[in-house]
Amino acid sequence: MSDFKVEMINDGMHEFYVHFKGPSDSPYHGGAWRIRVELPDAYPYKSPSIGFVNKIYHPNVDEMSGSVCLDVINQTWSPMFDLVNVFEVFLPQLLLYPNPSDPLNGEAAALMMRDRTAYDQRVKEYCEKYAKPGDLGAAPEEQSSDEEMSEDEYDSSDEAVAGPVDP
C-alpha cells in the first residue's frame, strides 16, 4: 500500500496493524489511528476484519471494541476489492460521510444528528486525546487510557499486608 506503515502481528501474514491518518477536510484531520487487520483464510473471497485500536468518536465505530460498521466490508465485499481500497477509499469515506442511521455508537449518532458543530468538536477532542500521530509507535498494550490510575494515584495497602519486598 502506498503511504501506510504496516506492523506485522506474530509471525503470520494474516494479522497486522496499519497506521491510518484522518482525511483532510474532515474533523478527523490530524488524527492517526492504528487499525487492526485480520485476513481470513479465504481472503480475498471473504472480507478482512477491520477495527480501530485507539479510540475514535464516530457513529459507525464501536467505541469500546473499535469494530467498524461498513456495508462494503461486512456485507457487500467482493474479491475485486483489496486492502488498498479499504485504506484509500472505504475508511476515508466512512470518516467523511458517517451514517448516523446505522450506528454502533448511538451517542455519537445522536449528537451528530442533533448538533453537528458539537459533534465535530467532540471528534476533534478525541483526535487530540487518543489519536496523536506520535502515539502510534507504542504497542497497544503500552498505551494507557485515562480510566486507568497511575501507581501514584492507586492507594494499595498490599505492602502493609505482605510486608516490604526483600532486596
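The chain as shown is numbered from 1 upward.
Cβ coordinates are placed from backbone N, Cα and C, and glycine is handled just like the others.
What you are looking at is a predicted structure, and each value in this text was computed from that prediction instead of being measured.
As recorded in TrEMBL:
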- 1-132: domain 'UBC core' (DOMAIN)
- Cys69: active site, glycyl thioester intermediate (ACT_SITE)
- 131-167: region 'Disordered' (REGION)
- 143-158: compositional bias 'Acidic residues' (COMPBIAS)
- Provide the number of Cβ atoms within 10 Å of the Cβ of Cys69 (active site, glycyl thioester intermediate), excluding the reference atom itself. 17
- Message: Need one number: mean pLDDT over the domain 'UBC core' (1-132).
- Response: 93
